[in-house]
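According to Swiss-Prot, the features are:
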type	residues	note
REPEAT	241-281	repeat 'WD 1'
REPEAT	289-330	repeat 'WD 2'
REPEAT	342-387	repeat 'WD 3'
REPEAT	402-441	repeat 'WD 4'
REPEAT	461-501	repeat 'WD 5'
REPEAT	506-544	repeat 'WD 6'
């Protein structure tokens, strides 16, 4: 009897265990199944448990990258990483916000995505076009971020409860009309370089274009020009390059994106800021370009097109159309007689008469100041009659600037054109472009016409060689000059005609180029060490 009872108990226990296992399996298959538990065989149960214990869909859907060729993915990662490296080299957010990392590792990011529990969509660019778009986006975004971080607003932390500082605390330099703002320099790009030219943009008042050279090297280096932004002082806005050293570079006053430059080998380059850092057009010797270094560039409005005018030490002035650099539209020979065998005049600087596209003044290496007239035809023409000469300088003329006076002064006459010339003879001279009869000196000559000598109105003596001079745009009686001692001199003809009203030596190095900001009071000067200094000119009314 006892044996039968034990046997029945074991049978019931086995049935209960089997029912319990079946209920657990059905709950694992689907908790939302409304039908009752079904009979599952041991093979089906084992297969089901294997599917649960060894899932095949745990890795995220990142096979789109692996399904492509491995070479394309590796190239893509390398290109993207190079873009991030160039981005981090030009703009390091961690310099301003330390909590942000400087670099981004693409490979570490991809590993993290592959081992994550979720499956995010991968949007890494795989084509060259997408990588170029990403590169342009990063560079443009970096500039915008850096401009915002570098914006130094004096009104941001103004405390209106504190008494304003007294004017007595101002430096003597500020009281006399100059205030040093900041300095443009880049040790990686402009180290051991010399500033060849400085020019402001006529469309964007904050943009400044400078060209550089490295005279210490035995061979002439490739050309370098930098577009600086006065609102973004940490790094250049754009870097322009050329095959030869850029001797002069000026932006177009008629197009906001075009910049023309002259080179040491005689070529003329034209850059478009929308097309990258290399020229979109350039001249050659075969096309009738210059044979010697280009010394100056200017623009004239000659409807229906706007022309680029270049002069060189080869004694020629070329007039170019921006859309056709195959040959100059006009050539002017800087000599007294076209058909004579005399040597051409080596031009060093050039400036057109305001509101007159037919007349210009050009300085030469021998100190002569010549008056030129454009021809209505494409043939070579003499620069001026042989019986007219400007007497004053006797050595190299380094700079020239012409303006129309809108004020009356002892030396300036209203609505008349006046020119300033700087020279290596330690002087700056003032000339009237259309002098009156009493400024002429008649000298007997064997020719039928009398020799006419035009003398300068005033001579401003300096303490060293003068490298450049420019009229002030906002103050008609003021001009600035720079010399070999590193002096930035500010002259005011209404205050003193014998000495500058103020002077400053930015860093003790010689200064050789200067430029005024259009319709503003900012002044830029560059030196032989590659630094560009920005000053603010305070008029007497503002200074007082």
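Cβ atoms are placed via backbone N, Cα and C, with glycine included.
Beyond the repeat 'WD 6' (506-544), the same-chain residues lying 6 or more positions past its ends with a Cβ under 8 Å from any Cβ of the stretch are 174-185, 190-200, 202, 205, 208, 210, 212, 228, 230, 467-475, 478, 480-488, 490, 492, 495.
DSSP states for the repeat 'WD 2' (289-330), grouped as helix (H, G, I), strand (E, B) and coil, give 0 helix, 25 strand, 17 coil. Helix, strand and coil residue tallies for the repeat 'WD 5' (461-501), in that order: 0 helix, 19 strand, 22 coil [DSSP].
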